[in-house]
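Asker: Pulled these from TrEMBL:
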DOMAIN    20-243  domain 'MacB-like periplasmic core'
DOMAIN    294-407  domain 'ABC3 transporter permease C-terminal'
DOMAIN    472-604  domain 'MacB-like periplasmic core'
DOMAIN    673-781  domain 'ABC3 transporter permease C-terminal'
TRANSMEM  21-41  transmembrane segment
TRANSMEM  289-309  transmembrane segment
TRANSMEM  338-360  transmembrane segment
TRANSMEM  380-405  transmembrane segment
TRANSMEM  431-451  transmembrane segment
TRANSMEM  669-689  transmembrane segment
TRANSMEM  701-718  transmembrane segment
TRANSMEM  724-744  transmembrane segment
TRANSMEM  756-778  transmembrane segment
Amino acid sequence: MIKSYLKIAVRNLYRHKLFSLINIFGLALSMSVGLMAIVGLREQLSYDRFHPHPDRLYRVNSLATNGDGKQWNLASTPLPLKESLAADSSLVAGTVRLYPALQGKISYGRNTVSLNGAFTEPSFFRLFGFTLAVGNAHSSLALPNSIVLSKATAARLFGNAPPLGKMVTVAGLGIYQVTGILQDSPGKTLIAYDALASSATVPQLEKQHQLPARLSNWNSFNDAYTYVLLQSNATKAALENLLARQAALNSYSKQGSLTFSAQPVSRITPSFGDVANEMHGATTWGKALAVPGIAFIILLSACFNYTNLSIARSLSRAKEVGIRRTAGAMRYQIFMQYVTEAVIVSLLSLVLSVLILLWMRDSAAFNADWEFVPRLSVDMPLLLALLFFGLFTGVLAGGLPAWVMASFRPAGILRGMVQAKLWGGVHLRKSLIVFQFATSLIIIIFLWAFYRQFSHMSAADPGFRKEQVLAVSLQGADPELLAGEISRLSGVESIAPVSGSFGHRATGSAAVVQHKGDQPVHFNYYYTGPDILFTMQLTLLAGRPLAEEREQASSVLLNETAVKALNFKSNEAAIGESIWINDSSRLQVSGVVKDFHYESMAVPVRPLVLRTGKAYYSYLDVSIRGNKAQCLQQVQDIWKKVQPSQPFTAYWLDEEMHSRYAQRSAITAMGYLSFISVFIAALGLLALVTYSVETRRKELGIRKVMGAGVGLLALLLTRGFLKLLMIAAAIAVPAGYLLGALFLQNFAYRAPFGIGNALLCTLLLWAVALVAIVPQVLRAALSNPIKALRTE
């Protein structure tokens, strides 16, 4: 019987090629989004599943509350917590702490690269599933000033030379001996660093004031990530009790409180809530399920489209059903035949959707800013998931048409099919059309809001000069030497060294107070030179510029927000006052600059400190006049003389900011979703128009014989569809506008977005709908009535 179903299904698909192609292509487009959601969710669920004891390994999180009742849920903890937990050997089998203070630049000879590292203990390799490609895991992090590098970092520093035993320099943090090379991670992980250094180095660095005093400081909960491996007979509840006791003994201030919680490493991402200071790559369940949710809506729309087309074509197959029922076929057999046909269509669509997904994975348009489609790791669970997805889609798409066809009564078939209805009085196909167009319009309105917002941020004035500014990556070059050579070029106006680019993110953050013992305020900071005001055209509101580093390294500039955060009465009142950074560096305020968007314009301007620090400079910002291409070539020629061992890396600041704000990958992705949604809705409308024309062909013939003109017949046929489009707009315009407005609430500086934008999107969608309606309507209105009435 199954063989018979397959034969009939294949024959019908081949006989009605256009109908089959429309269904296969429409389902394939929507299923490609579903596949993308499956692959993306699978990637999120695969993080940190390769460790030796994932069921007993926990990360400790902090919940800090200040005197005003404000709470912070953080992934980090104070540094002393690790030793306190390790003392309970009956419960704790092992602990490890990751202190990500190993940041900046690491160099060997003339090779210098950026560094994102952490201090940790030898127990790192016992608790986690990481291994060393070179070196001894038990002893590589045992001694002070020992460091383990990733393969990529080692290759950039040493090339093909053996790395073990080499001495490398970390800017501001001393000299380290390479004792191991990390093997590439066996799976996805949040614990991804360029280097790991021995935590035995930290006490000496604190003593020399190269790191702030944190080892015994319970008041700083932003510093370290603490992991605990429980004994085999221990429970999470027992660990929570131990953490509660530690929190009670070490409240972080008199005005607030600090509590801890244990989170299984395998459940860090996705998590059930936002956690501050989280490692890069982590997400929440809400964000992780957003794409699958959108994919399911689009898949529903495509399945409804299949339903529309199938029901619209059901009249031509009604006699087939009647004959089979008269010959003794049961209803479930009719149902299974049409479901089988739908499943075949779905599996063919699945193959095409995989090809579409592979095309998106390799397309530059989809991957300009971030990896839109994760790399596929094909295994049996993925193949089974894809097969189940194909079968589920086939049943979802074909179940309702199969039920409608199986419900036909043989005697009623000769009199015409009774229309399937949804909720009594509302026709099913019309309800589906309203749903499809409403969904499409909501997506288009949201895409328009998204595009307007990022275009607005790209065009807005950030408060600093971005045109005609070339950012040259230093890569270990002497900033003074390179700046001196570049400044001789005729097209160069000014040069300023900086530790990071404006308009993206600050170099780092620090706890700042005016007097020791005050409640700390978190400031962002950059290291830069005295010429930064002229080079980047920053406005000095009070005081004087930064002093040369050799004259007075302790002077700083604050922005207006920083002045307010420290409760100075005015900008002028802040001049000459002292502030403490991380309780270790006493600095004097020499000037106040006007607020500017040194971070993304998505966030409000936050407190900022500008200070000198030659060891931390990463770029030279070069402001120029005249021809950009000529200047770029001249700077590149100078680079080859000054730093021949490193490749020249530079970018124009305005182009880089535009590229970042353009969000090409996201807009391409949402444009693709919009295209799929509109395409499916248009096909569904085409099916409904075709059905309406077919069922009213004789009526139209009679009306034409009675004298009805083409215009009247066209109005008669389109009136109902225009009503459906207006109902869809009435639903979608408020919903889309609300969704767009909620999206814009995530940005501190928002693009104007009114109801008029939603109405414009509605008109565009209506134009697409008319393209689907008008040809069919005109063909019916212009047809010869004799062909419709010749059998009467």
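We count from 1, first residue shown onward.
Placed from the backbone N, Cα and C atoms, the Cβ positions cover glycine too.
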Asker: Mind checking which residues of the chain, 6+ beyond the ends of the transmembrane segment (21-41), have their Cβ under 8 Å from one of its Cβ atoms?
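Answerer: Beyond its ends, the transmembrane segment (21-41) has Cβ neighbours at 288-289, 291-292, 294-296, 298-299, 301-303, 305-306, 309, 345-346, 348-350, 352-354, 356-357, 360, 372-374, 376, 382, 385-386, 389-390, 393, 397, 672-673, 675-676, 679-680, 683.
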Asker: Looking only at residues six or more beyond either end of the transmembrane segment (338-360), which have a C-beta under 8 A from one in the stretch?
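Answerer: Contacts of the transmembrane segment (338-360) (Cβ under 8 Å, skipping residues fewer than 6 from its ends): 2, 5-6, 8-10, 12-13, 20, 23-25, 27-29, 31-32, 34-36, 39, 306, 310, 366, 372-373, 386, 389-391, 393-395, 397-399, 401-402, 405-406, 672.
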Asker: On the 0 to 100 scale, where does the mean pLDDT of the domain 'MacB-like periplasmic core' (472-604) fall?
Answerer: 86
Asker: For the domain 'ABC3 transporter permease C-terminal' (673-781), how many residues does DSSP put in helix, in strand and in coil?
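Answerer: Its residues divide into 94 helix, 0 strand, 15 coil.
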